[in-house]
Amino acid sequence: MGWGAVVYEGGVVGASLVGLGWAGLWFLNRRLYKEYEERRALVQILFGLVFAFSCNLFQLVLFEILPVLSKHARFLNWHLDLFCLILLLVFVLPYYHCYLLLRNSGVRRERALLVAALFLLVFLYGFWRMGIHFPMPSPEKGFFTMPQLVSRIGVIGVSVMAVLSGFGAVNLPYSYLSLFIREIDEMDIKTLERQLMQSMETCIAKKKKIVLSKMEMERIQGSEEKLKARSFLKRIVGTVVRSVQEDQTEQDIKSLDAEVQALEELSKQLFLEIYELRQAKIAAAFSRTWRGHAQNLLGYALSVYCVYKMLKSLQSVVFKEAGSVDPVTMTITIFLRHFDIGIDVTLLSQYISLIFIGMLVVISVRGFLANVMKFFFAVSRVGSGSTTNVVLFLSEIMGMYFISSILLIRKSLANEYRVIITDVLGGDIQFDFYHRWFDAIFVASAFLSLLLISAQYTSRQTDKHPID
C-alpha cells in the first residue's frame, strides 16, 4: 500500500473522529446543557472524546459492511478505538470523576489527587473481582487484555443498556402519545413564578442581615480597645456583656445561613419546576400541530414494538429460549413471500431493524438522562457540581453502552462480519450470555418503570386537564 493510500485512509479516520467529536460537543452544549449551567472545558473534552470513539464503533461496523477503507486500516482502527475508549472508561473517567467530586467538596488539590489515585486502585480491584461472578474469558493472559476488559465492561454496559431500554419501552408511549399529555394552566406557572420571586427576595434580605450581623460583631470586637482604659469592674462587666452579644450574634448568623441555604434550594427547585412546566406547555401546543399528530402515530407504532419486545424478552427469560426473529424481519419476510421483488430479506431487515432500534435507543437515553438530571439536582446543593457529575456519569454510561451494543448487534450481522468483530473483541468472550442477561434485566426494568410511571401519571392526573 502506497503513501497516498495511507494518507487518504488516515485522513478519513482522523476526519471522522474529529467530526464525531464536534457532534458530541454540539449535542452536549445544545441539547443537554441548559442556559443556567456552568460548563467545564475538560469535562466537555472528555465527553467529546468518549462520544467520538463510541460512535466510531458503529461507524466501523458500517465500514465492514460497505466496505470502506482497506482491511488492514479497519483492523487498526478497531484496535485503536477500543484501546482509547477502554482507557477512558476504566482509568481516566473514574479517576477524574473522583478528583472533581473531592475538589467540589473543598478538598485541597494535593489531597484530592492522592485520594483519587487510591479510589482508582479500589475501583480496579472491584472491576477485577466482578468477573468472578460472570462468565469471563480465560485469565491465563492476564487481566489487562482486550477480552477481559471488554467482557467486564460488557456486563455493566449490557445492564445499563437493558435498564435504559426497559425504561424507554414504557416511557416512549408516555412521552409520545397525546393520550398522556395534559394541558398546563398558565396561572399555575405564574403562581410558581411569584413564589420564586418571593423566595429570592427573602433570600437577599436574609443575606443582608448576615452582612449587618458580621459588621456588628466587628464593631463589638473593636470596642475591646476602649474597655482597657476603664476601671477593673467596668472591664469585667463590659467583657461579659460583649461575650453574650457575640454569642447571640453568632447564633443569629448560623441560623440565617441555614435559612439562606434552604431558600436557595427552594429557589432552585422552583426554577426547575417552572422550566419543566414551560416545556410541558410547549409540548401540549406542539401535539395539536400536524407534526404533533405525526409524532403521535409514530408513538403508536413504536409502542407496538415496545410491547412486542417486552413479551418476547419475557418469553426468553421464562422458557430460556435463545431468541427469535424480530418483527421487522418477520414483516418483510411475509411481504416478500407474496411479492417477490428480488430483495435480500436478511440484509434489508438488518438495516431497518438497526434503524428502528436506534430510534428507541436515542429516545430512551434522552428520557433517562432527563430523570438523572432531576435526581442529581434534587440531592446536590451545588448546581454546577451536580451538572458536571451528570456529564461525567453520562460519558461513562455512554462508552459502556456502545461497547455493549456491539456485543449484542454482532449476533444480527452476517457470518463474515460476525467473525471480524469476534476477532477484534476477543474470541473467548461468551456472547450468548449477554443476550440472556439483557433479556432478564430488560423485563425487570420495564415492569418497574411501568409501576413508577403509572404512579406518577396517577398523582398528576387530578391537577391537569386532558387535551381535546
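Backbone N, Cα and C atoms are what each Cβ position is placed from, and that goes for glycine too.
Quick look at what Swiss-Prot lists:
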type: COILED; residues: 243-279; note: coiled coil
type: LIPID; residues: GLY2; note: N-myristoyl glycine
type: TRANSMEM; residues: 7-27; note: transmembrane segment
type: TRANSMEM; residues: 45-65; note: transmembrane segment
type: TRANSMEM; residues: 82-102; note: transmembrane segment
type: TRANSMEM; residues: 112-132; note: transmembrane segment
type: TRANSMEM; residues: 153-173; note: transmembrane segment
type: TRANSMEM; residues: 297-319; note: transmembrane segment
type: TRANSMEM; residues: 345-365; note: transmembrane segment
type: TRANSMEM; residues: 389-409; note: transmembrane segment
type: TRANSMEM; residues: 437-457; note: transmembrane segment
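Contact between the transmembrane segment (297-319) and the transmembrane segment (437-457) holds: at least three of their C-beta pairs are under 8 Å, each pair 6 or more apart in sequence. The average pLDDT computed over the coiled coil (243-279) stands at 78. Cβ atoms under 8 Å from those of the transmembrane segment (112-132) belong to residues 90-91, 94-96, 98-99, 102-103, 143, 148, 151-152, 155-156 of the same chain, restricted to positions at least 6 beyond its ends. Highlighted: of the candidate stretches 82-102, 389-409, 437-457, 437-457 has the greatest count of Cβ pairs under 8 Å to the transmembrane segment (153-173). Cβ atoms under 8 Å from those of the transmembrane segment (389-409) belong to residues 28, 32, 43-44, 46-47, 50-51, 53-55, 57-58, 61, 82, 85, 88-89, 93-94, 96-97, 100-101, 150, 153-154, 156-158, 160-161, 164, 354, 361, 365, 369, 372-373, 376, 380, 421, 425, 429, 431, 434-435, 438 of the same chain, restricted to positions at least 6 beyond its ends. Within the chain carrying the transmembrane segment (82-102), a Cβ under 8 angstroms from the stretch's Cβ atoms is held by residues 42-43, 46, 49-50, 53-54, 57, 111-113, 115-117, 119-120, 123-124, 127, 146, 149-150, 153, 385, 388-389, 392-393, 395-396, 399-400, 402-403, 424-425, all 6 or more beyond its ends.
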